[in-house]
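Notes follow the structure.
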């Protein structure tokens, strides 16, 4: 009835009732559109009627273009608005999330000695602390990706930060070792959502600045790790591990509060059918950057899905569709190798330095039996701080070469250098040379890891970006769970065995990087798949 009333009023006002009396509503609308090429008033209600009558959205957009109405997509707007005050603020907010993540990860290397002294836990039980955290992260990575693709990036990030903070703080009050294991596992479950901050951040970055900005934001990880070492240096000797655990969770609480100021991704709003929200966000970006939006009307990407957005957004199975299967499988290998090698080198460094093999950086054995309780000294914390600083040159090098070589070749080169300097540890070397080679290897595996964080959000469309990053992050946790058994267990029978394993794993990462079918350098982010 509404259609008839509307059309009757329009036709009577135009004195065209007799002319169009025998036509259907759909035919009348088509006839009125083509009656004249002269500029005419566009009625929003009539546009809605065309939608109800089954005319596709892309057809309506083409018609609007034919009538001279300019159009632009979210990608066009992001490129036009450039990098400014808005992106700078978002960099800081995203950086806080990465600092908090790094502090919780760095905490794992500091807890074991303290727990051995307080509860007398065995080496296997000490390893379980790390295993529980990474298991929680592995199980939750895809979960948080699904949440972010379904309910929004900001919602998923806020929820994950709240879970990680509350469980992390409660673990500092654990009355028993197995209660601690349970709470640290839940902490890891919350931390698994933190990498989605890269998804949100990347979706507001212009193509020219995207790679450098994502890599630079990873420097907050190194800052967080350094801050955790300094915090342990200050707190552990006086207040103990419980105070350190509580203080280490505070940045997560701070990020959860700050997330109220996080914008929702305009790409997500557009892909989920809320263009008015996307436009409001882009207007905010334009205001803060002192720029104006492109002239015309905001429209969805020219490439549309075959079905409704809600039916194709955020499904893990879509990552293995024919056009994405090879990319996804290779990315899973790359992420697994990155985590396996990165965390493995951190653990293996301690093994080498605690050994009595002088050819691998160990100290000469004087026959003294080591006690079970060996708390870290201030010198240990300073050495740990020095090892962490290796990540800064890795990040800087990656920033300079990623736009020159491209994403694929940058990862390949960094895997190759890590492999070379890892294999060099087979040689009989003094402590300083061993430390230098480990420093170089850790710098480049850190760079390869950050390059993967750049490539992954770029290669997946908006409808799959968060779940794609979440699944990749989940595979990285598999590598992190396995690596203690290589660095700490396998080295007990043969100190050189981990060297061959880590060097060969990096070569596999090199091959996988070169085999990726898509190079994302200079490529605009896709909105749909």
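Quick reminder: no glycine exception, Cβ is built from N, Cα and C everywhere.
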Task: Matching range for TrEMBL feature annotation, transmembrane segment, among 362-383, 384-405 - done: 384-405
Task: Chain residues outside the transmembrane segment (329-348) and at least six past its termini with a C-beta under 8 angstroms from it - done: 109, 320, 387, 411, 415, 418, 422, 438, 441-442, 445-446, 448-449, 452, 455-456, 459, 468, 471-473, 475-480, 482-484, 486-488, 491, 498, 502, 505-506, 508-509, 512-513, 515-516
- [ ] Sort out the residues at least 6 away from either end of the transmembrane segment (499-518), same chain, that have Cβ-Cβ distances under 8 Å to it, and list them.
- [x] 326-327, 330-331, 333-334, 337-338, 340-341, 344-345, 348, 408-409, 411-412, 415-416, 418-419, 422-423, 425-426, 445, 448, 455, 459, 486, 490
- [ ] Report, as numbers and ranges, every residue of the chain located at least six residues beyond the transmembrane segment (156-173) whose Cβ falls under 8 Å of a Cβ in that stretch; write 'none' if there are none.
- [x] 97, 100, 104, 140, 144-145, 147-148, 180, 183-184, 186-187, 189-194, 196-197, 200, 241-246, 248-250, 252-253, 255-256, 259-260, 262, 466
Open item on the list: Before we move on, state whether the transmembrane segment (435-455) and the transmembrane segment (384-405) share at least 3 Cβ pairs under 8 Å, counting only pairs 6 or more apart in sequence.
Closed with: yes
Task: Beyond the flanks of the transmembrane segment (213-233) by 6 or more, those residues with Cβ under 8 Å of it - done: 83, 87, 91, 94-96, 98-103, 105-107, 110, 198, 201-202, 205, 244, 247-248, 251, 376, 378, 381-382, 384-385, 388-389, 391-392, 395, 398-399, 402, 446, 450-451, 453-454, 457
Task: Average model confidence [pLDDT] within the domain 'Major facilitator superfamily (MFS) profile' (90-521) - done: 83
